[in-house]
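Taken from TrEMBL, the feature signal peptide covers 1-23. The transmembrane segment annotation in TrEMBL covers 224-247, 289-317, 323-348, 360-384, 390-412, 453-474, 480-502, 514-537, 552-579.
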Amino acid sequence: MARAGASAVLAVLILACALGARADGSDHKYKEGDHVPLYANKVGPFHNPSETYRYYDLPFCAPEHPKDKREALGEVLNGDRLVDAPYELNFKEDMNSKNLCKKTLTKEEVAKLRDAVAKDYYFQMYYDDLPLWGFLGKMDKDREQGDAKYLLFKHIHFDIMYNDNRIIEINVQTDPNVAVDITEDKEVPIEFSYSVTWKKTDIPFEKRMEKYSKSSSMPQHLEIHWFSIINSCVTVLLLTGFLATILMRVLKNDFIKYSHEDESLEDQEESGWKYIHGDVFRFPKQKSLFAAIIGSGTQLLALAIFIFLLALVGVFYPYNRGALFTALVVIYALTSGIAGYTATSFYLQLEGTNWVRNLIFTGCLFCGPLFLTFCFLNTVAIAYSATAALPFGTIIVIILIWALVTSPLLVLGGIAGKNSNTEFQAPCRTTKYPREIPQLPWYRSTIPQMAMAGFLPFSAIYIELYYIFASIWGHKIYTIYSILFIVFIILIIVTAFVTVALTYFQLAVEDHEWWWRSVLCGGSTGIFIFFYCIYYYHARSDMSGFMQTSFFFGYMTCVCYGFFLMLGTVGFRASLFFVRHIYRSIKCE
């Protein structure tokens with residue numbers, strides 16, 4: 001107990017340090033002439049956000065002894081590898097043109113840079129925690145012969161805005177007129193240079209990050225977001241209206257019919273959900289897997305809620321490097337106790353016997369596929385020498401978090417669930433032998449029901465999905481977390497309502513095997529999201545290459561699997577509440 005408690009405290013401290021501290025710990029105040037460090041981060045193809053490389057993997061001007069900047073866990077997971085850049089951008093000191101270095105590019109270096117220009121390589125740097133980007137060069141195809149001409153930019157101009165003693169904004173410009181031709185395979189002498197201009201502004205320091213969030217909160221974009229919200233709300237209203245007017249009326253008639261005790265024998269033999277009361281609470285097959293799904297899904301739901309709470313209080317402001325990844329790792333570790341308690345408690349309610357095996361199953365149900373996916377993708381990144389490959393030290397840190405926080409809390413949650421002594425509350429007694437399920441039409445089988453169940457929740461979120469994908473797998477910035485939270489709540493409500501409606505229709509035709517069906521129908525939205533991933537990759541993005549493709553589909557498959565577990569749990573919990581309610585309302589002999 002003490003060890004697990006200390007581990008949890010350690011994880012909380014890690015989260016506080018990683019999310020609360022600024023990237024360099026400075027107060028961002030400078031005097032005229034002070035040296036403000038500029039860090040080069042990474043380079044890579046513009047359309048492949050996961051395929052990034054270290055800045056000095058390309059033959060740029062480098063300091064004599066470049067030093068890597070110490071980074072937090074989330075920054076490393078994000079693929080950031082900051083290193084000193086040779087540019088001297090002293091506070092409020094203009095510079096017309098300063099030579100950075102002279103060098104002669106070899107044929108191999110020219111070929112490497114030409115390939116980078118052809119793939120639209122960009123570079124990213126950070127100056128006083130402010131991001132800046134620029135392209136390495138351009139490909140000119142306007143020649144009469146139709147051949148491409150490759151130009152490498154050799155001069156960079158920095159526009160920096162300041163307010164009093166603080167830096168507010170930085171922009172970088174590359175001049176196509178000051179470029180060197182690298183079309184041919186030959187040695188090329190080149191002289192890199194840069195210039196700096198400082199300008200005063202009235203923008204306060206507290207609002208300097210608003211520039212990066214304006215793109216997602218522009219009027220035309222907000223209009224689309226609110227259209228998505230209205231569309232989703234209409235879906236919810238139609239669905240709840242359907243349940244209120246149709247389902248409840250049918251239930252009321254059922255209650256009236258079933259409440260008469262002087263029914264004839266013929267009436268007793270009529271079909272309906274009452275007549276399977278001896279089977280509806282019969283425990284499902286594969287109890288251990290079922291309980292593990294409910295435990296893991298509950299943990300992922302708690303994780304999503306905590307992430308939204310952090311987002312709503314402003315923790316994930318634009319370019320707070322790695323904060324989201326740090327939060328995901330640490331909060332997932334801290335919520336593992338929820339999975340252990342829920343899975344073990346529910347497994348014992350289902351009269352399971354081997355709760356230890358069930359607990360191990362729960363711990364591996366989501367982490368297992370995620371770990372295998374990570375191992376494969378990290379191997380791919382190592383083969384490509386990309387920054388997405390995690391250093392050995394970072395892998396050790398993640399293993400320690402899993403060993404010292406996740407596992408102990410999972411075990412503690414399992415012990416607490418075992419000692420809770422809660423029994424499954426079934427309003428009807430279960431018969432010894434199961435009732436035979438009548439022959440049903442094809443559209444009442446599992447797969448058509450899953451397709452019906454997943455379509456409505458997906459239709460409520462698909463508009464917002466594009467903006468999220470464009471942020472994660474592109475260079476857009478998503479900051480409207482309040483709208484995203486509303487969409488998430490709508491997703492949960494629609495999933496619950498649709499699953500309840502389909503569960504009722506299943507029971508009405510005397511199909512009592514609703515346990516697994518409710519999980520599959522609730523989680524089917526995750527399958528729809530996966531199909532949207534395929535559509536987005538081929539129709540809405542310009543991603544290409546084995547590494548980017550494997551990263552996109554590898555991690556998105558894990559995300560869709562997480563959605564399946566989470567929404568499947570929501571669907572089952574809603575259906576269980578509904579089934580208990582309707583069978584409590586009638587007299588079952």
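Using the three backbone atoms N, Cα and C, a Cβ is placed for every residue, glycine included.
Away from its own ends, the transmembrane segment (360-384) comes close to residues 51, 288-289, 291-293, 295-296, 299-300, 336, 339-340, 343-344, 390, 402, 406-407, 410, 414, 546-547, 550-551, 554-555, 557-558, 561-562, 565 of its chain (Cβ-Cβ under 8 Å, at least six residues beyond either end). Long-range contacts of the transmembrane segment (453-474) within the same chain, counting only residues at least 6 positions beyond its ends with a Cβ under 8 Å from a Cβ of the stretch, are 49-50, 216, 221, 224-225, 227-228, 231-232, 235-236, 239, 483-484, 487, 490-491, 494-495, 498-499, 502, 521-522, 524-529, 532-533, 536, 540-541, 543, 552, 567, 571. Contact between the transmembrane segment (480-502) and the transmembrane segment (323-348) is not supported: fewer than 3 Cβ pairs lie under 8 Å, counting only residues 6 or more apart in sequence. Proximity of distant same-chain residues to the transmembrane segment (552-579), defined by a Cβ-Cβ separation under 8 Å and at least 6 residues beyond the stretch ends, is recorded for 50, 280-281, 293-294, 296-298, 300-301, 304, 365-366, 369-370, 373, 376-377, 453, 457, 473, 491-492, 495-500, 503-504, 507, 514-515, 518-527, 529-530, 533, 537, 543. Here the transmembrane segment (289-317) has long-range neighbours at 19, 209, 213, 323-324, 327-328, 331-332, 335-336, 338-344, 346-347, 350, 352, 358, 361-362, 365-366, 479, 481-482, 484-485, 488, 515-516, 519, 562, 565-570, 572-573, meaning same-chain residues at least 6 beyond its ends whose C-beta is under 8 angstroms from one of its own.
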